[in-house]
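Pasting the feature list from Swiss-Prot:
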- 85-105: transmembrane segment (TRANSMEM)
- 113-133: transmembrane segment (TRANSMEM)
- 137-157: transmembrane segment (TRANSMEM)
- 178-198: transmembrane segment (TRANSMEM)
- 211-231: transmembrane segment (TRANSMEM)
- 322-327, 364-366, R410, K1162, 1242-1244, 1249-1253, K1289: ATP binding site (BINDING)
- D322, D366: Mg(2+) 1 binding site (BINDING)
- D322, I323, D366: Mg(2+) 2 binding site (BINDING)
- 518-533: compositional bias 'Basic and acidic residues' (COMPBIAS)
- 599-613: compositional bias 'Basic and acidic residues' (COMPBIAS)
- 829-849: transmembrane segment (TRANSMEM)
- 851-871: transmembrane segment (TRANSMEM)
- 900-920: transmembrane segment (TRANSMEM)
- N934: N-linked glycosylation site (CARBOHYD)
- N941: N-linked glycosylation site (CARBOHYD)
- N948: N-linked glycosylation site (CARBOHYD)
- 963-983: transmembrane segment (TRANSMEM)
- 987-1007: transmembrane segment (TRANSMEM)
- N1019: N-linked glycosylation site (CARBOHYD)
- 1024-1044: transmembrane segment (TRANSMEM)
Amino acid sequence: MVNHNAETAKTGNGTNATANLIVKADGNATQPKAMTSSAARMNDALSASLADLSEQENGTTAEDIHLNDLYTRYRQRLRKSLFRSGLLTSLLACVVSIIIGIVYGQHLVQTMLLVLAALISGSILTALQFPAVLSSPAAALAFAIVTTFSLGTIAAITGDELAPLPMYALFLCIHSMLPISWPVSVVLALFMTAIHIVYRIGTSPDYAPNLPMLFGEIVMLASASVSGLYYRIMSDAAHNRTVDGTRTGIEQRVKLECEREQQEQLLLSVIPAYIAAEVKRSIMLKMADACQRAGGQASTSATRFHELHVQRHTNVTILFADIVNFTPLSSSLTASDLVKTLNDLFGRFDQIAQENQCLRIKILGDCYYCVSGLPISRPQHATNCVNMGLQMIDAIRHVREATGINVDMRIGIHTGNVLCGVLGLRKWQFDVWSDDVTLANHMESGGVAGRVHITKQTLDFLGDKFEVEQGEGGNRDAYLADHKVESYLIVPPKPAYTYSVPRVVECIEQNDPSPTTEETKEIKETDQSHEATDVADVLLPVTVAPPPAIVDEKMSPTSINSQEAPLHAPLASAASMSIKELSEEEDEADEATAVTEPLMHRDQDGKNDKEPKANGGHRGSGDSAASESVAKSAALSLPADDLLSMSGSESGISNSGAQAQSSNPASVTPTAAAPAGGAASNSLTVAEAPERSRRKLSVQGLMSFADRRRSSGAFIEGRKLSIHSGESFRSHAGHVTRNRPSSKMTKYVECWGADRPFANIAESKLVKNIGLASIAMIESNLLPPERKCFNFNFFGPPTELKPFTMWYRNTPREAMYRAQPDTHFRFDLICAFVLFLSLAVVQLIVIELNLALLGSLLASFVSLALFLYLSNMSVPDVHASTTERNGPGQVVASSRYLRLAMFVVVNILISSCAVFSVINYTVPDGVSKEPSSNQTILESNFSSVFVNSTLEDVQLWEIDYAIPIAPVFLYCCAISLAAISAFLRSGFILKLIAMLVAVIAQVTVLGYSDLFEMYNDANITHGLPLEIKGFLLLLVIILVLHTLDRQGEYVARTDFLWKAKLKVEQEEVETMRGINKILLENILPAHVATHFLHLERSTELYHESYSCVAVMFASIPNYKEFYDETDVNKQGLECLRLLNEIICDFDKLLLKPKFSGIEKIKTIASTYMCASGLRPGKEDGATDEKRTEEHNVVILVEFAIALMSILDSINRESFQRFRLRIGLNHGPVIAGVIGAQKPQYDIWSNTVNVASRMDSCGVMGRLQTTENTAKILMTAGYECECRGLTYVKGKGNLVTYFVKTPFDGKL
């Protein structure tokens, strides 16, 4: 079984590579110093993954083996405890017998035999204190045989006329207490029966035993076997049900827990943990209030406003980043390529953010913004953001250089205070608000492409860590000029020592085979004979790993961009870059697309609008630490088969260049860089294969690729890296296959290996090995602990069960336990009926027929048969509904009081039958009870005596004749006690009381009978009377039966307790699961959340294409005039509270069945974005597309009018004058989820961009739409007013329409 905290990977030669890979429980991975080869890490991870899969395949067999072993050990442990109890009982009985024998002058031989029996019991009991004694079946069988034969023989010899009574107790022990199988117990019982028969024959005069008495004793011992086997069968069945039921419950519990954990991970991937905890607390309070209202109690938390989950944080730094010229690129990508490119690109930014302790907030179009200092205050928040900005610029620079696409980053940073949290009731997205956020947004707008633009406040926190120059942001942004913001530009740190090698690196899909050595050589020869002329085949710099001393050195996040940064800095580090940055800086004034701007994020005039084209991605928190550790401590080491002789220039690849030093596998001799316009002469040549296998190279962004794929679960099949073997750059016969720039962009960013959304939701080992996990939990919670004698903790945990009564300390739980239906009560009645028949057979064989005997047996038989018929008339079904539980058997099984009444009646009848016929042997008054006075009668012929004697003489003769059968009544008493114990679920205390009452009453009746009085006078000259001796032996039987009853009660109660705890825990998990489901549906569409919760699909990128979707943006432009940060409104918190009320009321409309087809996408400050027509799953290709198109548009217009009505109502209540400005459009869209740290569901397309522009260039109080959408609305009966040609930013002049609503012209 794989350890949850560590995995041992297999090396190539089959030996264990200890410390090769350590995976911590929280997902973080650390790399040992001895393991710096990335290729070896990939091989090790692949081996470990295959080992996991192999173990999972073998899990079923191992699970069955473990379960069978657990069940065997469970029964053996219980049987072992019973064995100890039986030995203790025999030891106690022998000690009491020895004491009585000494007091009454018992024969020395019998006393010595009893001493021997006590020694045997004590010795075996002592030996059992060692756990290894009964570890083997042979040892258990040996102890069982020794115990049985020794105690049985001694009981037969010392028992005299009552020998069957101790034998009865022994038979019960053989079948129910000895640690042997039931066939062995049956064989032992037969042997002991044979020994008893031989002993009876041997001790009889002239070897002629009283055959009726002998047959009666045999039947009695057979009834003991019936009783013992019944207890064993039922207890084994109960144990089996306990193990199976507990296992099922635990498996369900584990599955629910794992599902809840996945939902929790999914939830925490979107919103911070403290926000999620606060929201859960609010939901639980609402659930509690709902329960109180349902119970008729008054609500305790009535409030007029919705819960506001927003907090204020001071001293944080906000970073806004915009990708320059990304819109033309995204418009040329397919749906899958767009989602993949966005996920990889913004996923890389998320990785950089996490490495620099920044929290990404949201992605708006190609605008990416994050904050450092949330939710945990960090002193280095300003430094973190600047470092992140520099690394983002470096990352996008390599995209530009590798693909030839002119993209860049413009970054603005400001330090101040923020309000952060979530607004509304549905589709939460963590966001920040404040005037400082607005300023940071304008710092980006007024920034310079390829530079980090900061304010004076940020510079004050930076100190002298970075060199700056005047930013003059006011010349590029009016907001900065109006507020007289002093800005600066960070001077990029100088590159450290790097060696640029012209390379093109591509990622091959996981199912593509890796190139063989021959293929690699062929590719190398082809590349050496041709020159690449495509401008896109640019040079990809390769950083050579430093010596091991530098590799092992740890870096701080702030040292990445310093001039002294180590050579092995990651891709985004400025220290690893050596190619000259392109100097072109694009002006964004004519950027093609934009969306409605967020309050305090974008200007409302549309100048700096950003469209919602992309949402970022980030790896899980646990995985990022692993990636960061690998990126800072190791370089990528390619396998020998993949290493090529590397050198080249701008025009192609050649084998000329400086030879690598063979003395140091990590060293490379660089050559001088060629002048601009000439061929670059930097080269790196790899020597022989053994030498190449030790060569360490660092390809940007790829050295943590393996660890990220392994941690995200996508590394199972292995992802191959190939140089010059990709689909786009494979050379054939002197031709070079070229891709579009957008395709190259997709291929390049894919090599970064950014995690898929929700990649942290990986199948845990608890789910993989759920059977073994449940068995382990059963073993730790259900298997009784090993105990020593007199350790009463075995009889129940003191915290849950009372030590002697074993009743639950929790009264309601005790009531629940007693109210359980007993579906096996009918089997108890059957066993009691069989024991009654045994009692009747004994009496009919031994006792002469008389009216009292026949009457008692017949009455009891009829009553028991009636009870048996009623309880078996219809099979009880506890799963049936209440109305279906009308059969007699179901009523009996369900009614505890009815079962109790039947228990009392049955046992009174059986106990009475055991002694009732003794009344037939009563000496008439005035007649002497001395047997000697009637000697002549006894010696004469019965017929002549009957003729010549009086009636009194005849009765006295009958009594004298029946004197030898007196012990039979005690045998019948033993059978009646077993019948009482046969009712397994009636409570061991109740049965103990019933047995004691019955035996006392029976012995009292027998003791006062003339038969026993005459027997004592005739056969006992010294010692205890027969009834007293029988009473003591019956007490031994009671003690044995009580031990069995107590054990059965203990097992039943612990099973019920464990299941009750499981049920409570399961309900708690169900509650949290329900809460998480509510939260998930408030964040992602239900079908999207279901998609990512399926483990086999959790690593896939989710995207859907729709041909006709209506998109709407509804903003409140004059809300920014209302927002103000003063002490009166708690620095803007109360302003956000009103906005939260507005959005919550908007969200409530989505709960109406009429608007169930509308999906809220997100809110951007005071802008509400939603869409209609996003059906779950792939588009179903509706036959009536025109009708579907019309429905999507019309329902969204009705929703817009409902929004206007809601806002108008809020205005009247809050004395405000808010107005909606709505933009509407319809057409094809792409829906998908991107990002790993905080995945976002979003939609992209020109349809979305135009809908956003319809809002931003619209008029307050009006609903503006495009011409095509207006035509559909007019066909549906809506009146539209043509606005004419309207300038739309990025689209030129478009004909737009206003849809008339009841709120047009309303102030």
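Cβ atoms are placed via backbone N, Cα and C, with glycine included.
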Cβ under 8 Å to the transmembrane segment (987-1007), counting only same-chain residues 6 or more beyond its ends: which ones?
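Residues 805-806, 903-904, 907, 911, 914-915, 918, 969-970, 973, 976-977, 980-981, 1025, 1027-1028, 1030-1031, 1034-1035, 1038, 1041-1042, 1045-1046, 1048-1049.
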By CA-CA distance, flag whichever of I323, D366, N1019 among the recorded positions is nearest to V1250 (ATP binding site).
D366
Need this for a regression test: binding-site residues L364, D366, R410, I1243, R1253, filtered to those with Cα within 10 Å of I323 (Mg(2+) 2 binding site). What's left?
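Candidates kept after distance check: D366, R410.
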Considering the recorded positions N325, N1019, which residue's Cβ sits among the greatest number of other Cβ atoms within 10 Å?
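Result for the most crowded candidate: N325.
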Thinking of Cβ pairs under 8 Å, which stretch from 85-105, 137-157, 178-198, 900-920 has the most of them with the transmembrane segment (1024-1044)?
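Of the candidates 85-105, 137-157, 178-198, 900-920, 85-105 scores highest.
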Within 10 Å of each Cβ, count the other Cβ atoms and name the one among the binding-site residues R410, R1253 with the highest count.
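Its Cβ has the most other Cβ atoms within 10 Å: R1253.
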Near D366 (Mg(2+) 1 binding site), which recorded positions out of D322, R410, N1019, I1243, R1253 have their CA within 10 Å?
D322
I need the CA-to-CA distance for D322 (ATP binding site) versus N1019 (N-linked glycosylation site), whole Å please.
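A Cα-Cα distance of 113 Å.
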So which one is it: of the binding-site residues I323, L364, I1243, V1250, which has the fewest other Cβ atoms within 10 Å?
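With the binding-site residues I323, L364, I1243, V1250, fewest surrounding Cβ atoms within 10 Å: I1243.
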Helix, strand or coil: which one is L364 (ATP binding site) in, per DSSP?
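In three-state terms, L364 (ATP binding site) counts as strand.
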Report, as numbers and ranges, every residue of the chain located at least six residues beyond the transmembrane segment (963-983) whose Cβ falls under 8 Å of a Cβ in that stretch; write 'none' if there are none.
161-162, 164-165, 168, 172, 210, 212-213, 216-217, 220, 223-224, 227, 230-231, 825, 828, 831-832, 835-836, 838-839, 842-843, 846-847, 903, 906-907, 910-911, 913-915, 918, 931, 991, 994-995, 998-999, 1002-1003, 1006, 1011-1012, 1014-1015, 1018-1019, 1026-1027, 1030, 1033-1034, 1037-1038, 1041, 1044-1045
Other than its close neighbours in sequence, what residues sit by the transmembrane segment (829-849), given a CB gap under 8 Å and a spacing of at least six beyond its ends?
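Beyond its ends, the transmembrane segment (829-849) has Cβ neighbours at 212-213, 215-216, 219-220, 222-223, 226-227, 230, 857, 860-861, 864-865, 867-868, 871-872, 902, 906-907, 909-910, 913-914, 917, 958, 962, 965, 968, 971-972, 975-976, 978-979, 982-983.
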Distance check, please: Cα of R410 (ATP binding site) against Cα of N1019 (N-linked glycosylation site), rounded to an integer number of angstrom.
117
List the Cα distance (Å, whole number) between N325 (ATP binding site) and N1019 (N-linked glycosylation site).
119
Measuring Cα to Cα, how many angstrom lie between I1243 (ATP binding site) and N1019 (N-linked glycosylation site)?
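Taking the Cα atoms only, I1243 (ATP binding site) lies 104 Å from N1019 (N-linked glycosylation site).
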Can you name the far-off residues of the same chain, 6+ from the ends of the transmembrane segment (211-231), with a Cβ under 8 Å from a Cβ of it?
164, 167-168, 171-176, 182, 185-186, 189, 192-193, 196-197, 200-201, 831, 834-835, 838-839, 841-842, 845-846, 964-965, 968, 971, 974-975, 978, 981-982, 984, 1044, 1048
According to DSSP, does D322 (ATP binding site) sit in a helix, a strand, or coil?
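Reduced to three states, the DSSP call for D322 (ATP binding site) is strand.
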Between N1019 (N-linked glycosylation site) and R1253 (ATP binding site), what C-alpha distance do you get in Å?
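N1019 (N-linked glycosylation site) to R1253 (ATP binding site), Cα-Cα distance: 117 Å.
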